[in-house]
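Structure first, commentary second.
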Amino acid sequence: MSNVMVVPGMLSAAAADVASIGAALSAANGAAAPTTAGVLAAGADEVSAAIASLFSGYARDYQALSAQMARFHQQFVQALTASVGSYAAAEAANASPLQALEQQVLAAINAPTQTLLGRPLIGNGADGLPGQNGGAGGLLWGNGGNGGAGDAAHPNGGNGGDAGMFGNGGAGGAGYSPAAGTGAAGGAGGAGGAGGWLSGNGGAGGNGGTGASGADGGGGLPPVPASPGGNGGGGDAGGAAGMFGTGGAGGTGGDGGAGGAGDSPNSGANGARGGDGGNGAAGGAGGRLFGNGGAGGNGGTAGQGGDGGTALGAGGIGGDGGTGGAGGTGGTAGIGGSSAGAGGAGGDGGAGGTGGGSSMIGGKGGTGGNGGVGGTGGASALTIGNGSSAGAGGAGGAGGTGGTGGYIESLDGKGQAGNGGNGGNGAAGGAGGGGTGAGGNGGAGGNGGDGGPSQGGGNPGFGGDGGTGGPGGVGVPDGIGGANGAQGKHG
(Lines of atoms letter the chains of each structure in order from A and count residues from 1; the text may use other names and numbers.)
(Lines give C-alpha, C1' and ligand atoms only; values in the text may rest on other atoms or scores of the structure.)
Protein backbone atom coordinates (compact mmCIF):
# COMPACT_ATOMS: atom_id res chain seq x y z
CA MET A 1 0.00 0.00 0.00
CA SER A 2 1.40 3.38 -0.98
CA ASN A 3 1.53 6.23 1.52
CA VAL A 4 0.60 9.85 0.86
CA MET A 5 2.04 12.78 2.81
CA VAL A 6 0.10 16.03 2.75
CA VAL A 7 1.26 19.39 4.07
CA PRO A 8 -1.78 21.72 4.33
CA GLY A 9 0.31 24.84 3.87
CA MET A 10 1.81 23.58 0.61
CA LEU A 11 -1.62 22.45 -0.60
CA SER A 12 -3.06 25.89 0.11
CA ALA A 13 -0.23 27.52 -1.85
CA ALA A 14 -0.88 25.16 -4.78
CA ALA A 15 -4.59 26.09 -4.78
CA ALA A 16 -3.67 29.76 -4.95
CA ASP A 17 -1.30 29.09 -7.88
CA VAL A 18 -3.98 27.17 -9.81
CA ALA A 19 -6.48 29.98 -9.23
CA SER A 20 -4.04 32.56 -10.57
CA ILE A 21 -3.45 30.44 -13.71
CA GLY A 22 -7.20 30.33 -14.38
CA ALA A 23 -7.51 34.08 -13.92
CA ALA A 24 -4.69 34.68 -16.43
CA LEU A 25 -6.30 32.40 -19.06
CA SER A 26 -9.71 34.06 -18.63
CA ALA A 27 -8.17 37.49 -19.11
CA ALA A 28 -6.38 36.34 -22.29
CA ASN A 29 -9.55 34.79 -23.74
CA GLY A 30 -11.55 37.92 -23.02
CA ALA A 31 -8.97 40.11 -24.75
CA ALA A 32 -8.93 37.88 -27.89
CA ALA A 33 -12.71 37.41 -28.22
CA PRO A 34 -13.66 40.70 -30.00
CA THR A 35 -11.07 40.32 -32.78
CA THR A 36 -11.43 36.56 -33.37
CA ALA A 37 -15.20 36.07 -33.10
CA GLY A 38 -16.06 38.91 -35.51
CA VAL A 39 -13.60 38.48 -38.41
CA LEU A 40 -14.40 40.83 -41.32
CA ALA A 41 -14.51 39.52 -44.92
CA ALA A 42 -11.53 40.42 -47.08
CA GLY A 43 -13.80 41.35 -50.01
CA ALA A 44 -17.44 41.61 -51.09
CA ASP A 45 -17.48 38.24 -52.88
CA GLU A 46 -19.09 35.10 -51.49
CA VAL A 47 -15.78 33.25 -51.00
CA SER A 48 -14.35 35.97 -48.75
CA ALA A 49 -17.57 36.06 -46.74
CA ALA A 50 -17.53 32.26 -46.33
CA ILE A 51 -13.92 32.25 -45.12
CA ALA A 52 -14.61 35.02 -42.59
CA SER A 53 -17.70 33.17 -41.34
CA LEU A 54 -15.69 29.94 -40.97
CA PHE A 55 -12.96 31.54 -38.82
CA SER A 56 -15.51 33.44 -36.74
CA GLY A 57 -17.31 30.15 -36.08
CA TYR A 58 -14.09 28.54 -34.91
CA ALA A 59 -13.57 31.45 -32.52
CA ARG A 60 -17.10 31.18 -31.11
CA ASP A 61 -16.67 27.41 -30.62
CA TYR A 62 -13.36 28.07 -28.80
CA GLN A 63 -14.98 30.65 -26.54
CA ALA A 64 -17.80 28.21 -25.67
CA LEU A 65 -15.29 25.46 -24.87
CA SER A 66 -13.21 27.93 -22.81
CA ALA A 67 -16.29 28.84 -20.77
CA GLN A 68 -16.84 25.16 -19.95
CA MET A 69 -13.17 24.77 -18.98
CA ALA A 70 -13.37 27.89 -16.78
CA ARG A 71 -16.32 26.38 -14.87
CA PHE A 72 -14.41 23.11 -14.43
CA HIS A 73 -11.32 25.05 -13.30
CA GLN A 74 -13.36 26.96 -10.73
CA GLN A 75 -14.84 23.73 -9.35
CA PHE A 76 -11.34 22.18 -9.18
CA VAL A 77 -9.98 25.15 -7.23
CA GLN A 78 -12.93 24.99 -4.82
CA ALA A 79 -12.33 21.26 -4.24
CA LEU A 80 -8.62 21.83 -3.69
CA THR A 81 -9.28 24.63 -1.21
CA ALA A 82 -11.83 22.52 0.66
CA SER A 83 -9.34 19.64 0.94
CA VAL A 84 -6.89 21.99 2.67
CA GLY A 85 -9.39 22.57 5.45
CA SER A 86 -10.16 18.86 5.69
CA TYR A 87 -6.52 17.86 6.04
CA ALA A 88 -5.88 20.63 8.58
CA ALA A 89 -8.88 19.55 10.64
CA ALA A 90 -7.73 15.91 10.52
CA GLU A 91 -4.24 16.89 11.70
CA ALA A 92 -5.66 18.92 14.57
CA ALA A 93 -7.92 16.04 15.59
CA ASN A 94 -5.08 13.50 15.53
CA ALA A 95 -2.42 15.68 17.17
CA SER A 96 -3.93 15.72 20.65
CA PRO A 97 -4.41 11.92 20.98
CA LEU A 98 -0.89 11.28 19.66
CA GLN A 99 0.65 13.73 22.09
CA ALA A 100 -1.32 12.25 24.95
CA LEU A 101 -0.21 8.75 23.91
CA GLU A 102 3.43 9.90 23.81
CA GLN A 103 3.19 11.33 27.32
CA GLN A 104 1.54 8.15 28.60
CA VAL A 105 4.27 5.94 27.11
CA LEU A 106 7.05 8.16 28.52
CA ALA A 107 5.38 8.20 31.92
CA ALA A 108 5.25 4.40 31.96
CA ILE A 109 8.91 4.12 30.92
CA ASN A 110 10.10 6.71 33.45
CA ALA A 111 7.97 5.56 36.38
CA PRO A 112 10.37 2.93 37.84
CA THR A 113 13.51 5.12 37.83
CA GLN A 114 11.54 8.19 38.89
CA THR A 115 10.19 6.30 41.90
CA LEU A 116 13.47 4.64 42.90
CA LEU A 117 16.00 7.33 41.97
CA GLY A 118 13.94 10.49 41.58
CA ARG A 119 15.13 10.83 37.98
CA PRO A 120 13.48 9.89 34.68
CA LEU A 121 14.97 7.42 32.23
CA ILE A 122 14.28 9.59 29.16
CA GLY A 123 13.67 13.33 29.05
CA ASN A 124 15.28 16.72 29.52
CA GLY A 125 15.80 18.20 32.96
CA ALA A 126 13.69 21.18 33.96
CA ASP A 127 15.23 24.66 33.91
CA GLY A 128 15.84 26.07 37.37
CA LEU A 129 13.89 28.90 38.96
CA PRO A 130 15.83 32.10 39.80
CA GLY A 131 19.02 31.09 41.60
CA GLN A 132 18.09 27.39 41.58
CA ASN A 133 19.87 24.47 39.95
CA GLY A 134 18.63 22.94 36.73
CA GLY A 135 17.23 19.43 36.83
CA ALA A 136 19.22 16.39 35.75
CA GLY A 137 18.52 14.86 32.35
CA GLY A 138 17.24 11.34 31.88
CA LEU A 139 19.49 8.48 32.95
CA LEU A 140 19.51 7.11 29.41
CA TRP A 141 18.78 10.15 27.25
CA GLY A 142 18.23 13.83 27.92
CA ASN A 143 19.89 17.20 28.39
CA GLY A 144 20.39 18.77 31.78
CA GLY A 145 18.23 21.79 32.59
CA ASN A 146 19.73 25.27 32.64
CA GLY A 147 20.42 26.89 35.99
CA GLY A 148 18.24 29.84 36.88
CA ALA A 149 19.70 33.34 36.73
CA GLY A 150 20.19 35.01 40.09
CA ASP A 151 17.82 37.61 41.48
CA ALA A 152 17.71 39.87 44.55
CA ALA A 153 16.66 37.01 46.85
CA HIS A 154 19.06 34.47 45.33
CA PRO A 155 21.97 36.47 43.87
CA ASN A 156 24.07 33.53 42.70
CA GLY A 157 23.11 31.74 39.52
CA GLY A 158 22.03 28.11 39.74
CA ASN A 159 24.15 25.25 38.45
CA GLY A 160 23.25 23.54 35.21
CA GLY A 161 21.89 20.02 35.47
CA ASP A 162 23.97 16.98 34.52
CA ALA A 163 23.06 14.80 31.56
CA GLY A 164 22.75 11.02 31.81
CA MET A 165 24.25 8.60 29.30
CA PHE A 166 23.54 10.73 26.23
CA GLY A 167 22.93 14.47 26.33
CA ASN A 168 24.44 17.88 26.96
CA GLY A 169 24.90 19.45 30.36
CA GLY A 170 22.78 22.48 31.22
CA ALA A 171 24.25 25.98 31.22
CA GLY A 172 24.92 27.68 34.55
CA GLY A 173 22.75 30.66 35.41
CA ALA A 174 24.12 34.20 35.33
CA GLY A 175 24.78 36.01 38.60
CA TYR A 176 22.54 38.85 39.73
CA SER A 177 23.50 42.46 38.95
CA PRO A 178 22.28 44.66 41.84
CA ALA A 179 20.82 48.13 41.45
CA ALA A 180 23.13 51.08 40.84
CA GLY A 181 24.15 53.20 43.82
CA THR A 182 24.06 50.38 46.36
CA GLY A 183 27.72 49.32 46.08
CA ALA A 184 26.63 45.69 46.30
CA ALA A 185 28.71 42.92 44.76
CA GLY A 186 27.46 41.05 41.73
CA GLY A 187 26.31 37.48 42.19
CA ALA A 188 28.45 34.55 41.11
CA GLY A 189 27.50 32.55 38.05
CA GLY A 190 26.47 28.91 38.30
CA ALA A 191 28.59 25.97 37.16
CA GLY A 192 27.81 24.24 33.89
CA GLY A 193 26.42 20.73 34.07
CA ALA A 194 28.40 17.67 33.02
CA GLY A 195 27.76 16.15 29.61
CA GLY A 196 26.49 12.60 29.20
CA TRP A 197 28.99 10.09 30.53
CA LEU A 198 29.08 8.31 27.17
CA SER A 199 28.51 11.22 24.78
CA GLY A 200 27.64 14.86 25.33
CA ASN A 201 29.05 18.35 25.70
CA GLY A 202 29.53 20.07 29.04
CA GLY A 203 27.34 23.07 29.78
CA ALA A 204 28.75 26.59 29.74
CA GLY A 205 29.51 28.19 33.09
CA GLY A 206 27.38 31.15 34.10
CA ASN A 207 28.71 34.70 33.89
CA GLY A 208 29.20 36.72 37.05
CA GLY A 209 26.90 39.65 37.73
CA THR A 210 28.03 43.26 37.41
CA GLY A 211 28.86 45.01 40.68
CA ALA A 212 26.75 48.05 41.53
CA SER A 213 28.19 51.53 41.52
CA GLY A 214 28.84 53.10 44.91
CA ALA A 215 26.72 55.89 46.35
CA ASP A 216 27.97 59.47 46.11
CA GLY A 217 29.02 61.22 49.29
CA GLY A 218 26.76 63.73 51.03
CA GLY A 219 27.10 66.93 53.04
CA GLY A 220 26.82 67.37 56.78
CA LEU A 221 29.08 67.40 59.82
CA PRO A 222 30.85 65.13 59.41
CA PRO A 223 30.14 64.63 55.68
CA VAL A 224 28.83 61.29 54.50
CA PRO A 225 31.67 59.48 52.70
CA ALA A 226 31.22 58.06 49.24
CA SER A 227 30.88 54.29 49.11
CA PRO A 228 33.08 52.05 46.96
CA GLY A 229 31.78 50.21 43.94
CA GLY A 230 30.80 46.59 44.32
CA ASN A 231 33.03 43.81 43.05
CA GLY A 232 31.93 41.89 40.01
CA GLY A 233 30.76 38.35 40.60
CA GLY A 234 33.00 35.49 39.56
CA GLY A 235 32.08 33.27 36.64
CA ASP A 236 31.76 29.55 37.30
CA ALA A 237 33.42 26.61 35.62
CA GLY A 238 32.20 24.99 32.45
CA GLY A 239 30.96 21.43 32.70
CA ALA A 240 33.15 18.49 31.76
CA ALA A 241 32.26 16.39 28.74
CA GLY A 242 31.72 12.64 28.95
CA MET A 243 33.57 10.03 26.94
CA PHE A 244 33.03 12.04 23.75
CA GLY A 245 32.30 15.76 23.64
CA THR A 246 33.53 19.30 24.15
CA GLY A 247 33.95 20.84 27.57
CA GLY A 248 31.82 23.85 28.41
CA ALA A 249 33.29 27.34 28.30
CA GLY A 250 34.06 28.96 31.64
CA GLY A 251 31.90 31.86 32.73
CA THR A 252 33.08 35.45 32.33
CA GLY A 253 33.69 37.49 35.47
CA GLY A 254 31.36 40.40 36.10
CA ASP A 255 32.52 44.00 35.80
CA GLY A 256 33.22 45.95 38.97
CA GLY A 257 31.04 48.93 39.86
CA ALA A 258 32.29 52.51 39.76
CA GLY A 259 33.16 54.18 43.06
CA GLY A 260 30.95 56.97 44.35
CA ALA A 261 31.99 60.61 43.94
CA GLY A 262 33.00 62.75 46.91
CA ASP A 263 30.65 65.40 48.27
CA SER A 264 30.53 68.81 46.52
CA PRO A 265 30.72 71.73 47.15
CA ASN A 266 30.74 71.58 50.95
CA SER A 267 33.53 69.31 52.12
CA GLY A 268 35.53 68.35 49.06
CA ALA A 269 35.47 64.72 50.20
CA ASN A 270 37.44 61.97 48.52
CA GLY A 271 36.02 59.75 45.82
CA ALA A 272 35.64 56.05 46.59
CA ARG A 273 37.50 53.12 45.07
CA GLY A 274 36.07 51.26 42.10
CA GLY A 275 35.10 47.63 42.51
CA ASP A 276 37.31 44.78 41.33
CA GLY A 277 36.37 42.78 38.28
CA GLY A 278 35.23 39.23 38.89
CA ASN A 279 37.50 36.33 38.00
CA GLY A 280 36.81 34.29 34.91
CA ALA A 281 36.25 30.57 35.45
CA ALA A 282 38.00 27.49 34.11
CA GLY A 283 36.77 25.78 30.99
CA GLY A 284 35.45 22.25 31.27
CA ALA A 285 37.56 19.23 30.39
CA GLY A 286 37.05 17.67 26.98
CA GLY A 287 35.80 14.13 26.53
CA ARG A 288 37.93 11.51 28.25
CA LEU A 289 38.39 9.64 24.98
CA PHE A 290 37.94 12.42 22.43
CA GLY A 291 36.95 16.07 22.72
CA ASN A 292 38.19 19.64 22.97
CA GLY A 293 38.61 21.41 26.28
CA GLY A 294 36.44 24.45 26.94
CA ALA A 295 37.89 27.96 26.84
CA GLY A 296 38.52 29.71 30.13
CA GLY A 297 36.32 32.70 30.91
CA ASN A 298 37.63 36.26 30.66
CA GLY A 299 38.14 38.31 33.80
CA GLY A 300 35.78 41.21 34.41
CA THR A 301 36.75 44.84 33.88
CA ALA A 302 37.32 46.79 37.10
CA GLY A 303 35.26 49.81 38.06
CA GLN A 304 36.50 53.38 37.79
CA GLY A 305 37.34 55.30 40.95
CA GLY A 306 34.96 58.04 42.01
CA ASP A 307 35.82 61.68 41.38
CA GLY A 308 36.96 63.79 44.31
CA GLY A 309 34.58 66.49 45.47
CA THR A 310 35.08 70.22 44.91
CA ALA A 311 35.27 72.69 47.77
CA LEU A 312 36.35 76.18 48.80
CA GLY A 313 39.33 74.53 50.53
CA ALA A 314 41.27 71.53 49.33
CA GLY A 315 39.61 69.42 46.66
CA GLY A 316 39.00 65.75 47.32
CA ILE A 317 41.26 62.96 46.13
CA GLY A 318 39.95 60.84 43.28
CA GLY A 319 39.26 57.21 44.09
CA ASP A 320 41.56 54.44 42.92
CA GLY A 321 40.45 52.20 40.10
CA GLY A 322 39.71 48.58 40.89
CA THR A 323 41.79 45.56 39.87
CA GLY A 324 40.78 43.59 36.81
CA GLY A 325 39.65 40.01 37.28
CA ALA A 326 41.90 37.08 36.44
CA GLY A 327 41.18 34.97 33.37
CA GLY A 328 40.11 31.36 33.77
CA THR A 329 42.21 28.32 32.95
CA GLY A 330 41.49 26.51 29.69
CA GLY A 331 40.03 23.02 29.88
CA THR A 332 42.16 19.95 29.28
CA ALA A 333 41.76 17.93 26.10
CA GLY A 334 40.83 14.29 25.68
CA ILE A 335 43.29 11.58 24.70
CA GLY A 336 42.07 11.26 21.11
CA GLY A 337 44.06 14.07 19.51
CA SER A 338 41.79 16.95 20.51
CA SER A 339 42.68 20.56 21.34
CA ALA A 340 42.86 22.01 24.83
CA GLY A 341 40.97 25.19 25.67
CA ALA A 342 42.59 28.62 25.61
CA GLY A 343 43.00 30.52 28.85
CA GLY A 344 40.77 33.52 29.43
CA ALA A 345 42.05 37.08 29.17
CA GLY A 346 42.57 39.09 32.33
CA GLY A 347 40.22 42.00 32.91
CA ASP A 348 41.34 45.60 32.46
CA GLY A 349 42.05 47.70 35.53
CA GLY A 350 39.71 50.57 36.34
CA ALA A 351 40.67 54.17 35.68
CA GLY A 352 41.47 56.39 38.64
CA GLY A 353 39.00 59.09 39.59
CA THR A 354 39.60 62.76 38.83
CA GLY A 355 40.79 64.91 41.71
CA GLY A 356 38.37 67.54 42.96
CA GLY A 357 38.72 71.14 41.85
CA SER A 358 39.27 73.92 44.39
CA SER A 359 39.85 77.61 44.70
CA MET A 360 42.99 76.83 46.72
CA ILE A 361 44.39 73.32 46.31
CA GLY A 362 43.36 70.82 43.66
CA GLY A 363 42.85 67.22 44.71
CA LYS A 364 45.12 64.41 43.58
CA GLY A 365 43.86 62.08 40.87
CA GLY A 366 43.26 58.46 41.78
CA THR A 367 45.61 55.63 40.87
CA GLY A 368 44.59 53.44 37.97
CA GLY A 369 43.83 49.84 38.81
CA ASN A 370 46.06 46.94 37.86
CA GLY A 371 45.08 44.68 35.01
CA GLY A 372 44.09 41.11 35.75
CA VAL A 373 46.30 38.10 35.13
CA GLY A 374 45.51 35.97 32.09
CA GLY A 375 44.37 32.39 32.50
CA THR A 376 46.68 29.46 31.84
CA GLY A 377 46.11 27.52 28.64
CA GLY A 378 44.71 24.02 28.98
CA ALA A 379 46.99 21.00 28.84
CA SER A 380 46.71 18.13 26.37
CA ALA A 381 46.74 14.45 27.19
CA LEU A 382 48.84 11.54 25.93
CA THR A 383 47.29 10.27 22.71
CA ILE A 384 47.39 7.28 20.44
CA GLY A 385 48.69 8.76 17.20
CA ASN A 386 49.75 12.38 16.93
CA GLY A 387 49.71 14.43 20.10
CA SER A 388 47.17 17.20 20.51
CA SER A 389 47.88 20.92 20.70
CA ALA A 390 47.71 22.76 24.00
CA GLY A 391 45.69 25.87 24.70
CA ALA A 392 47.18 29.35 24.48
CA GLY A 393 47.64 31.37 27.64
CA GLY A 394 45.33 34.32 28.19
CA ALA A 395 46.51 37.89 27.74
CA GLY A 396 46.95 40.09 30.79
CA GLY A 397 44.55 42.96 31.27
CA ALA A 398 45.56 46.56 30.63
CA GLY A 399 46.29 48.81 33.59
CA GLY A 400 43.85 51.60 34.35
CA THR A 401 44.53 55.22 33.45
CA GLY A 402 45.62 57.45 36.32
CA GLY A 403 43.14 60.13 37.34
CA THR A 404 43.54 63.77 36.35
CA GLY A 405 44.56 66.19 39.09
CA GLY A 406 42.09 68.81 40.28
CA TYR A 407 42.17 72.34 38.91
CA ILE A 408 43.34 75.25 41.12
CA GLU A 409 41.55 78.34 39.92
CA SER A 410 43.26 81.12 41.94
CA LEU A 411 46.83 79.79 41.54
CA ASP A 412 46.31 78.76 37.90
CA GLY A 413 47.71 75.29 38.35
CA LYS A 414 46.60 71.70 38.84
CA GLY A 415 46.71 69.06 41.50
CA GLN A 416 48.90 66.03 41.14
CA ALA A 417 47.76 63.43 38.65
CA GLY A 418 47.31 59.82 39.68
CA ASN A 419 49.64 57.01 38.69
CA GLY A 420 48.68 54.63 35.93
CA GLY A 421 47.98 51.03 36.85
CA ASN A 422 50.28 48.16 35.95
CA GLY A 423 49.32 45.79 33.18
CA GLY A 424 48.52 42.22 34.12
CA ASN A 425 50.92 39.40 33.37
CA GLY A 426 50.16 37.08 30.49
CA ALA A 427 49.65 33.44 31.37
CA ALA A 428 51.71 30.44 30.39
CA GLY A 429 50.61 28.28 27.49
CA GLY A 430 49.64 24.70 28.16
CA ALA A 431 51.91 21.73 27.52
CA GLY A 432 51.42 19.87 24.26
CA GLY A 433 50.28 16.28 24.41
CA GLY A 434 52.62 13.37 23.75
CA GLY A 435 51.73 10.59 21.36
CA THR A 436 52.88 7.48 19.56
CA GLY A 437 53.18 9.73 16.50
CA ALA A 438 54.25 13.37 16.41
CA GLY A 439 54.08 15.29 19.67
CA GLY A 440 51.57 18.10 20.00
CA ASN A 441 52.63 21.73 19.95
CA GLY A 442 52.77 23.72 23.15
CA GLY A 443 50.43 26.64 23.61
CA ALA A 444 51.61 30.20 23.07
CA GLY A 445 52.13 32.35 26.14
CA GLY A 446 49.74 35.24 26.66
CA ASN A 447 50.83 38.81 26.01
CA GLY A 448 51.36 41.09 28.97
CA GLY A 449 48.87 43.89 29.45
CA ASP A 450 49.83 47.48 28.70
CA GLY A 451 50.52 49.80 31.62
CA GLY A 452 48.06 52.61 32.20
CA PRO A 453 49.05 56.17 31.22
CA SER A 454 48.93 59.08 33.62
CA GLN A 455 47.11 62.30 32.86
CA GLY A 456 50.07 64.64 33.43
CA GLY A 457 52.38 64.64 36.43
CA GLY A 458 51.76 61.09 37.58
CA ASN A 459 53.84 58.01 36.95
CA PRO A 460 52.75 55.72 34.12
CA GLY A 461 52.15 52.07 34.86
CA PHE A 462 54.46 49.23 33.88
CA GLY A 463 53.52 46.75 31.21
CA GLY A 464 52.91 43.19 32.31
CA ASP A 465 55.25 40.31 31.58
CA GLY A 466 54.42 38.00 28.72
CA GLY A 467 53.61 34.41 29.54
CA THR A 468 55.93 31.50 28.87
CA GLY A 469 55.09 29.27 25.94
CA GLY A 470 54.19 25.71 26.80
CA PRO A 471 56.58 22.85 26.02
CA GLY A 472 55.90 20.58 23.07
CA GLY A 473 54.73 17.05 23.64
CA VAL A 474 56.98 14.00 23.44
CA GLY A 475 56.63 12.04 20.21
CA VAL A 476 58.29 11.12 16.92
CA PRO A 477 59.17 13.89 16.29
CA ASP A 478 58.62 15.95 19.44
CA GLY A 479 56.13 18.80 19.31
CA ILE A 480 57.19 22.41 18.95
CA GLY A 481 57.17 24.56 22.05
CA GLY A 482 54.82 27.53 22.13
CA ALA A 483 56.06 31.08 21.60
CA ASN A 484 56.49 33.32 24.62
CA GLY A 485 54.06 36.17 25.02
CA ALA A 486 55.11 39.75 24.33
CA GLN A 487 55.92 42.23 27.09
CA GLY A 488 53.21 44.80 27.61
CA LYS A 489 53.92 48.43 26.80
CA HIS A 490 54.65 50.88 29.57
CA GLY A 491 52.12 53.66 29.92
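The backbone N, Cα and C atoms fix where each Cβ goes, and this holds for glycine too.
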- Item | Listed range which Swiss-Prot flags as region 'Disordered', given the options 150-170, 255-275, 339-359, 423-443 | 255-275
- Write down the single range among 207-238, 303-334 that appears in Swiss-Prot as region 'Disordered'. 207-238
- Query: By Cβ distance under 8 Å, which residues at least 6 away from the ends of the region 'Disordered' (207-238) in the same chain are close to it?
  - Reply: 150, 155-157, 159, 172, 174-192, 247-263, 266-267, 269-284, 294, 297, 300-304, 306, 309, 319, 322, 325, 328, 331
- With DSSP as the reference, give the number of residues of the compositional bias 'Gly residues' (229-238) in helix, strand and coil. 0 helix, 0 strand, 10 coil
